Each structure stands twice: as C-alpha cells, then as structure tokens.
Amino acid sequence: MLSINSENGYSVARCFLLCSLMPLITAKGNDVESPTKILDADKPPSESQLGLRDVVFVIQSQRNSFHVRQAEKLRKDLLLQTQALQESPPVILLLHTLSDNEGDWSILPLLPNLSSQFGKNSSWIMFLEEDTRVKLQKLHEVLKKFDHRKEWFLGKPLHDEESTIIHHYAFSENPAAFEYPDFSAGWALSIPLVNRLTNKIEEEPLKSDFTIDLKHEVALYIWEDGNGPRLTGVPELCTLPEHNPRAQYCATTVSSQSPLCGQPVKSDNIFVAVKTCKKFHSDRVPVVKKTWGKQASLLEYYSDYADPAIPTINLGVPNTERGHCGKTFAILRRFLSNHVPNTDWLLIVDDDTLISLPRLQALLSCYDSSEPVCLGERYGYGLGQGGYSYITGGGGVSII
C-alpha cells in the first residue's frame, strides 16, 4: 500500500508478502499409491508409544488477515480430528505468531526457537502449508513407523528434471540425484535432527545470502554435503486433491478448490503497468497485446524509449541489466499522481510475464482493500541475520 505524505510526497507502507502469482521452476514428483515401508533397523522399539501430543504442528502462516483465517481453519480442523480420536491435543503453532523475526518464514532461523521449546518434550515437528489437508489418524500411523530417536527428514520428494538457475545449477550432472520436499504435502523433522541443526546454527550463524527456492535450500542445508540426512520420501504425504479417489492411501492432500471470496475485483479497478525496454518493443510487447493484455481495462507500457506506435511511456529511467528498482519507483510515483486513474490495485509485470487476469481478479477478492498488501513471489536476503523479504518481479507484483 502506498500512502501520500505531505512532507515526503509519498511513502511506501510495510507490505505483507503473500503468495506466488506464477511458478518459476518445474520439478517432478509422484503421488504413490502404496504405504511406507521401513527397514527393521529404522523402526521404533516395540515399547515406544508415539502420541499426537508428541507432534508439534507448525502451520506456515502469514500475517495478512485472509491467510490468518486460512491457517485458523486448518488449526481448528486438526483439533476437531484430535477430539474425535479421543487423543490429547497436539501443539499447533501459527508461524507468523511465533516472533517478530522477519526470517522465520525461511524456517532455519526458526529452528532454535522450536528446539528450546520442544527439544526435550516432543518427538516431531510437522510443517504444514495453509492449504494442506490432513487425515490425522493416517498421519499418526505413518509417523509411528519411524524411530523418532533418530534423525529423520520426511516429505514428498521432488527433483529437478534439468539443472536450473534458481538452484544455482546444483547437481548439474544428474539433477534427479537430489530430492527436496514438496511443502504443500507437509514435511517433518524429528526432534534429534532439529536439535542438531540448532547447534549448528548457533555455532555457525546462517550466511547472509539469498533465499529463492526455500524448499530446495532447506534440503541442501540439512543434507550438508552428505554429512546430514537426505530427504526420506513418504508416499502417504500427497499433493492429490483432497477428494480424489486415488488419495485413499494419503495422510495429507491439498485443498481441491481455489479460494472463493466473493465477486472478483473488477477489471477497471486494477491498473496494469508493463515494464519493457526498446529492444523488446518488437517481440515481447506484441505477445502481451495478443494474449493477456487484451483482458486489461487499464494498462500502460513503461520503457526507456517513447514509442507512439505501442504506445510506451518513457519514465526517464535508463534500462539496466541488473536491478530494476529505479523503474519500479518511477511507476509507483506515476500511480500516485493524477496521470493515471485512481484504482485499488496496481499490477506491475515484466514484458515476458504471462498472467491470467480473470484468475487474478478472483484471487484479489480474498484481500481486504483497507489493509496494506503486496502479492508476489517471495524471496529473501540475509534472513538469518536481520535481513528482509522482497518480491521478485518476474511473476508479477500486485500492490494495494
């Protein structure tokens, strides 16, 4: 959200970074219709009893009111299932409430907190996304198969089909050799692993680096160049729609419906700003015009060159290969001026972004226009050492 300030001209309110508008990579994973099989050496002793109270659930929630409601629905559903099973209720945490640390969403900075609270009285930390659906009894049965006294990293495995820049071309000779968890299926760490990782973090503070694809980076950190455990694939952790007949073996599924929050935001209440430059006027801009650009009621092209044939608007910011903040801030200034219509939403996209505006309009109906909101693909920098989150522009940025 942007607010006019009589002294400074304008100011940018704190943004809540929420959900991705476009996926950036392709990874492969399968939902397997067969139960987990455990080696005898990895099974818990027969006298070991794992109760639901020994499992700490962490819902990877966000502070925005819509996402808080989604997380609360999941929390209440877990508690209702616990009551039906006549079990002692587990601890269920909403991640956004645990501290004011900006980096908690990247998980690793959160581990010392979890270790200090639950490192001596729990067996598992189970992470869930807001849209993860859980069959609690099945999940309990799955976790009981593993010896919680050992280090375990459980999840639905994904792997790259080819080396990719977003993973810094890791395992380029054999991208499928490294597996990382699909967060939407839920994933789990045994307490011994949480405690050891905490010791490592406290002895060697997390590097001040970029967080781009969290699930891959968490798996790399845990693997520790072969010194730590690899991800153990659990077939019962699934990403099938919750009502899919194939989900009979699944302990987790995903919500089968996109959020329905009322009437979609009207097209004329979204101002679309397309960032381009002269060298892409003849190839990228025509694609936008022939595809999704036709769905926009209010759209302008911003470039380093004014071309009346498109038309484009020169914001006076030269094109640059790295760092595009200058052009973005120029767009924000123009949006706050009297040169464009007054709308609730500003959508900033690159000239090579493909986006479904009708789906975006439906999604935006879930957000309260009285709150400061930024929607986009969330990245981070230096999150382990007081850094910050930001939106990568390639997937599009929506601001209210």
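Glycine is treated like the rest: Cβ placed from N, Cα and C.
Unlike curated entries, TrEMBL annotations are predicted automatically.
Annotated features in TrEMBL:
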DOMAIN    119-203  domain 'Fringe-like glycosyltransferase'
DOMAIN    264-399  domain 'Fringe-like glycosyltransferase'
SIGNAL    1-27  signal peptide
So what's the mean pLDDT when you look at the domain 'Fringe-like glycosyltransferase' (264-399)? 92
Using DSSP, what is the helix/strand/coil residue split across the domain 'Fringe-like glycosyltransferase' (119-203)? 31 helix, 21 strand, 33 coil
Secondary structure split (DSSP) over the domain 'Fringe-like glycosyltransferase' (264-399) reads 43 helix, 36 strand, 57 coil
